C-alpha cells in the first residue's frame, strides 16, 4: 500500500484546524484518519488534533485488529465513540473549548477490504478503474435538503448554509456513526479529505489527478495546490491510499 498525506492552512485562515494521520500496523494493516475541527478561538484545532491523536493511540495500543468487515466496523465505532466522549468531556471542563467539535473520517485497510467510518462532511472517495465514487454521505443540512428533494445538488453547491453540519464528533455525549465496508483490489485508490478540498476542486478534477501517473505524494500536493488556486478560503487536507499494482524494486510501499 502506497500512502501520502498533505494538510495546508489555505490562503485565508490564520490557523489550520484540520489534522490527519496514517498509522501502520502488523500485516501491513493501515488506519487513515482525517479530522476538520470547529469551534471558537483555537478550539477546533484542539478537537481535530485530539481526534487524530486518540485514534492513533488506540491503533497502537490494540493487541489485535479484526479482519472481518463487520468486526472492523465495530472496532471503528467503539474507538470513535470513546474519542467522542474524550473531546466532549474536555470541552465541558475547559470554558474556552465549549462548543468545539470536529468531523472525522477513518479508513481501516486490512489487506483485501477497507472499512470506513465517518461523522460530518469530511469525505472518502474510491477510484476503481474508471469509476470514481463518494463512499461517505455528508452529515450536513444541505445534504439533508438534497436527500429529501427540497433542493438540487446543483443548488447545494452554492447554498449559503452549505457548511452547517447535522452532527459532529465531540459536540454531544452520544453520536451515531456511519460505516461501510468494501473489497479493494490492486490499482484501487482511496482519498480521504476535508471540505476545504471538495468545496474547491470538482469531482472530475479529483478523478483526473488520482488517475495520473504521478507519485502519491505528488498527487496530494497537486490536490491541495488546486484548492488554493481556486481560492483556498478553508484549511485543506488530503490523504491518499493506493493499493499498488506491483512493487517496483527499491520502491517504498509506505
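From the backbone N, Cα and C atoms, a Cβ is placed for every residue, glycine too.
Residue 36 (Mn(2+) 1 binding site) falls within a strand segment according to DSSP. The Mn(2+) 1 binding site annotation in Swiss-Prot covers 36, 37.
Sequence-distant contacts of residue 195 (Mn(2+) 2 binding site), defined by Cβ-Cβ distance under 8 angstroms and a gap of at least six in the same chain, are 36, 103, 121, 122, 123, 163, 234. Per Swiss-Prot, Mn(2+) 2 binding site is recorded for 36, 195, 234.
The domain 'PPM-type phosphatase' annotation in Swiss-Prot covers 2-243 and rests on sequence analysis.
The Cβ of residue 37 (Mn(2+) 1 binding site) lies under 8 Å from the Cβ of 17, 18, 19, 43, 44, 45, 46, 47, 48, 49, 51, 100, 101, 102, 103, each of these being in the same chain and 6 or more residues away along the sequence. For residue 36 (Mn(2+) 1 binding site), the count of additional Cβ atoms within 10 Å of its Cβ stands at 32 [all protein chains shown].
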